[in-house]
Amino acid sequence: MFSTSTTTTSSTTPLYRSCVADILANETFLCDAGLETALVYGDKIALPCFASFTMLKTEAGAKRVESFYRDFCVVAKAHGRNMYLDTVTWRASKDWGDKLGYSAKDLDDVARASVDMIVRLRDEYASDDTKMITSGAMGPRGDGYVVGATMTQEEAKEYHMQQVRTLASTALDLITVYTMTYAEEAAGLALAAAEVNMPIVISFTVETDGKLPSGATLREAIEAVDAACDSLGPGKRPIGYGINCAHPVHFATTLEAAAEAGEPWLHRLHALRANASKKSHAELEKCTTLDCGDDVDLATRYKALLPKLPGHFSVLGGCCGTNAQLAKAIAEVCLACEP
């Protein structure tokens, strides 16, 4: 079902899985960004269900995805920065697979093909100056902007368990979950990862008021997921949390207020992947052209925000509407003074 160029077998031995939490606690990584919007708006590709994993069906599609990732690797290498690479498996869970005609075996195959791709890039670009972490991307059962039908955390664990097991059986260092809209699904994913001892980072979508689409605050969501994992015993929490698919104008005030108040939950936040656009999700859904925003402005906003926040932010990049030019801007504007 997939291009033979994407199905070579890579080592199943992870490079950094056993120490990825320590690495992320001390080092900073650029990351890939905005693949789906680049394909849909830039390349004019009809991407069904916004599922980039469908690109791996053809050799041309796989080469386009690899080229997109390679642009980020080149930026990281040129600036002596670390790189955090995700698989194209954000939509590769059962319900989305069913809609797209992919069997469980097909989804397993596409996950492994995607892992092979980023492991090859890691092996090509990694050096003493550029550490390459490989991450398995996962996403919500439903939409990434709207809560829709909800699950309990146990139902979410059961739904996502197969994809977690597949990704955990590969050479990936960790799983990163994007566009979580409510805490129970995020907790279920965290519990699934804990069951197979797979490191995980969970990133939430926020609206223009800095809250999740469910109406929960970031604090409430993070504390709920941590509490669910604490029920399993020590050392079972996610490595940390992130914000994605929103612009800093939507969440900076929330983070600054929490920092001013000394709220402990803020120390659990370590990743920012902002949209290029300042538009709300409702406005973006109506757009027929891509709002690419301003890469330098976004990187400058990161630079202004981060010193106000406690803890170490280890992953910096973009989401919808961004590409390798944002990674370049972050390296040159936001991280210019870092060793």
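Each residue, glycine too, has its Cβ placed from N, Cα and C.
Copied from TrEMBL, the annotated features are:
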type	residues	note
DOMAIN	17-334	domain 'Hcy-binding'
BINDING	CYS245, CYS319, CYS320	Zn(2+) binding site
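Listed in sequence order, ALA33, GLY34, TYR178, ASN244, CYS245, ALA246, ARG273, ALA274, ASN275 are the same-chain residues six or more apart from CYS319 (Zn(2+) binding site) with CB atoms under 8 A from its CB. Listed in chain order, the residues near the Zn(2+) site other than CYS245, CYS319, CYS320 are GLY34, THR37, THR179, THR205, ASN244, ALA246, ARG273, ALA274, ASN275, GLY318, GLY321, THR322, each with its Cβ within 8 Å of the site Cβ centroid. Here the binding-site residues are CYS245, CYS320, and the one with the most other Cβ atoms within 10 Å of its Cβ is CYS320.
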